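Student: Okay, here's the structure, questions in a sec.
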């Protein structure tokens, strides 16, 4: 019965499988599952090929560096640093990645190779720290004295018995300088000679030009000596005498320079010969000319007397040229008083200017013949 029961179960399983396959095929699920399985198989095969052909993880530059003695020494120092501080996880990554699981030297061998003597100061730290300290000491060596340049190796100049350095170097420098100067002087002798000739010719041209200039200046100075005489003559520096003093009509006291009165305020001189319009010409005989002039003088003196100017026939003509009047006696009066007198005189002149316009004239009277021999129009 057991066998029959097993056969019945097998038949039922087969029927169930067939029914399941048929159902999955009808629904399309079985075909999709087959396609996915097929794709997964292909992908697995392709990835397997890539993994087989993949290059190994090897750092070529690091491999070359570690093949040298210094490279292995550096790697040993780093490994010793990690071992000293018990950095096991970092060391577990460092050794496989650098392929230094074997062959790195220990602390004692490193100290011997680097020349480091194990002492109390070095035991308290890794060897890498001691290497850095020694490098810093070498850098500071020239200033601290270690590794500095030995100045005794440099040969100093010999010293005299008194302890002073001799000056043998300075003569050699002087000799070199003299040799250089001689060479330059020889090389520059030819251009200097040419330049000197050019300068001499140029100087001669300039000298001739200057001599011509000086001769021309002397000729010009000789051609116009009158101008120099006129400039140097003191006669032209003297002030022009005032009309009243020269003509003898009215004499006033000498005015100080800078006084308020000026020649512009003096009465105008008009129609100097208005009263002598009917006089005969000067080419007539002396008797006729003297008679007419005397008549005119008498007429002028009469008019002046009628105006009260104080000049009559009895006045001496010499006093007019000496510029003496009733104010000449006050020459020692102060400047302030003279200014006041000048102002008063100017006021009087303004009042009498209209009366003197027709009487202004210039007469030169001969004291011997009492006859005017020269007449001049002042206007």
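The backbone N, Cα and C atoms fix where each Cβ goes, and this holds for glycine too.
So Swiss-Prot says this about it:
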- 185-196: compositional bias 'Low complexity' (COMPBIAS)
- 225-236: compositional bias 'Acidic residues' (COMPBIAS)
- 266-282: compositional bias 'Low complexity' (COMPBIAS)
- 70-102: domain 'LisH' (DOMAIN)
- 143: phosphothreonine (MOD_RES)
- 152: phosphoserine (MOD_RES)
- 160: phosphoserine (MOD_RES)
- 170: phosphothreonine (MOD_RES)
- 182: phosphoserine (MOD_RES)
- 214: phosphothreonine (MOD_RES)
- 281: phosphoserine (MOD_RES)
- 306: phosphoserine (MOD_RES)
- 317: phosphotyrosine (MOD_RES)
- 139-196: region 'Disordered' (REGION)
- 216-288: region 'Disordered' (REGION)
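Surface or core, plus neighbours and distances: that's what I need for these features.
Tutor: Note on the domain 'LisH' (70-102): residues 58-59, 62-64, 110, 113-114, 125-128, 131 of its chain, located 6 or more positions outside it, place their CB under 8 angstroms from a CB of the stretch.
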Student: What is the number of residues in the domain 'LisH' (70-102) that are helix, strand and coil, as DSSP sees it?
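Tutor: Helix/strand/coil tally for the domain 'LisH' (70-102): 26 helix, 0 strand, 7 coil.
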